[in-house]
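Undergrad: Submitted below is the structure of interest, expressed as structure tokens.
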Ligand code: TXA
Ligand code: MG
């Protein structure tokens, strides 16, 4: 069983031995291992049950250290790094040979980010290698936003989880790269498109499909609860399920429903705050997935700001692969 605590020296000693540790970030918890040690990286794929064609993000402590791993840093991407690191931004940059093939799945670019969580920043500063860290969930399931989520699913397989409390952002990082002169967003996430456009001008958002080779992790069915997850107008869906005699739970943006038991409904933000909704999203999806009902009914958020990234996750949760 994994130990849970805030002992950075202990986390460090496991990582230095090649073992894996659950780490907090501002986005979601990561399953971390030495990114320069191919055996540790292989252990990450094995522990998550993740296909090896899905590359990993390399986490480091500062912009200055990124030069150790990348051969070029285009000016516009550097501007984004200067503005948003540490933070929920991942950049795709040409890699140096020191980065193992397994980290990038053989691609020419490596994904890099400087996460913003005090425990993990201190840990990264003390380590003399970067950490490869996918979200600390079994492949295809909802990302963890609390140490207990990591413990529940991977606790048997790793020695230690660094507990940094609930994640402040609650959505994975926004993944950004360049194609020619164009800035491209490959995954919507915790950094809003408008914030990026304020720095570098208009960007292109790649339309993801299950066959998109430049971000293989963008499989249609992803971030998915185990229960059937239906998206639509909640009043209509509720009436339908009631008529069919199905037992259901409800995930709403702000509304509470009087006729439905408290334990079978969660409003992500009663005050209509998309940041709060993002913070609560994955924990709420987990909770309803564990509630004994046949189906989860949910609605989309307004398609603005973080609402776009939240809706991306909701749509993927609703696809059954
Ligand atoms: O917020 C986050 O990014 C979290 C925390 C732990 O940092 N990490 C995370 O990692 O979400 P993961 O492995 O669950 O998702 C990483 C995504 C995948 O969709 C993967 O395909 C894409 O990043 N990716 C990684 N390296 C890539 C590369 N070289 N080229 C294209 N896509 C890449
Ligand atoms: Mg993930």
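Yeah, the Cβs are placed from backbone N, Cα and C, and that goes for glycine too.
Below are the features I grabbed from TrEMBL:
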BINDING   27, 113, 133, 173  L-threonine binding site
BINDING   50, 59, 135, 143, 187, 223  ATP binding site
DOMAIN    5-191  domain 'YrdC-like'
REGION    204-223  region 'Disordered'
Undergrad: Listed binding-site residues are 50, 133, 173, 223; which sit with C-beta under 6 angstroms of ligand 2?
TA: none
Undergrad: What whole-number Å value do you get for the CA-CA distance of residue 143 (ATP binding site) and residue 27 (L-threonine binding site)?
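TA: Their Cα atoms are separated by 10 Å.
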Undergrad: Any of the binding-site residues 27, 50, 133, 135, 173, 223 with a C-beta atom under 6 A from ligand 1? Give them in order, or none.
TA: 27, 133, 135, 173
Undergrad: Considering Cα atoms only, can you say which of 50, 59, 135, 187, 223 is the nearest neighbour of residue 113 (L-threonine binding site) among these binding-site residues?
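TA: So, of the listed binding-site residues, the one sitting closest to residue 113 (L-threonine binding site) is 59.
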Undergrad: Fill in the CA-CA distance, residue 223 (ATP binding site) to residue 173 (L-threonine binding site), as an integer in Å.
TA: 14
Undergrad: Can you check which residues sit near residue 133 (L-threonine binding site), meaning Cβ under 8 Å from its Cβ, same chain, 6 or more apart in sequence, and list them in order?
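TA: Looking at Cβ-Cβ distances below 8 Å from residue 133 (L-threonine binding site), excluding near sequence neighbours, one finds 23, 25, 30, 31, 32, 33, 44, 56, 57, 59.
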Undergrad: Looking only at C-alpha atoms, tell me how far residue 27 (L-threonine binding site) is from residue 135 (ATP binding site), rounded to the nearest Å.
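TA: Residue 27 (L-threonine binding site) and residue 135 (ATP binding site) have their Cα atoms 9 Å apart.
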Undergrad: Among all protein chains shown, how many Cβ atoms are found within 10 Å of the Cβ of residue 187 (ATP binding site), not counting that one?
TA: 20
Undergrad: Are there any residues in the same chain, six or more apart in sequence, whose C-beta is under 8 angstroms from the C-beta of residue 173 (L-threonine binding site), and if so which?
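TA: Listed in sequence order: 27, 57, 88, 89, 90, 113, 187, 189, 190, 191.
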Undergrad: Just how spread out is the ATP site if you go by the largest Cα to Cα distance in Å among 50, 59, 135, 143, 187, 223?
TA: 21
Undergrad: Taking 8 Å from the centroid of the Cβ atoms of 27, 113, 133, 173 as the cut-off, which other residues in that chain fall inside it around the L-threonine site?
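TA: Nearby residues not in the site list: 25, 28, 30, 57, 59, 88, 90, 115, 172.
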Undergrad: Which whole-number mean pLDDT does the model give the domain 'YrdC-like' (5-191)?
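TA: Computed over the domain 'YrdC-like' (5-191), the mean pLDDT is 97 on the 0 to 100 scale.
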Undergrad: Quick check on the binding-site residues 27, 143: which one has the highest count of other Cβ atoms within 10 Å of its Cβ?
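TA: Selected residue: 27.
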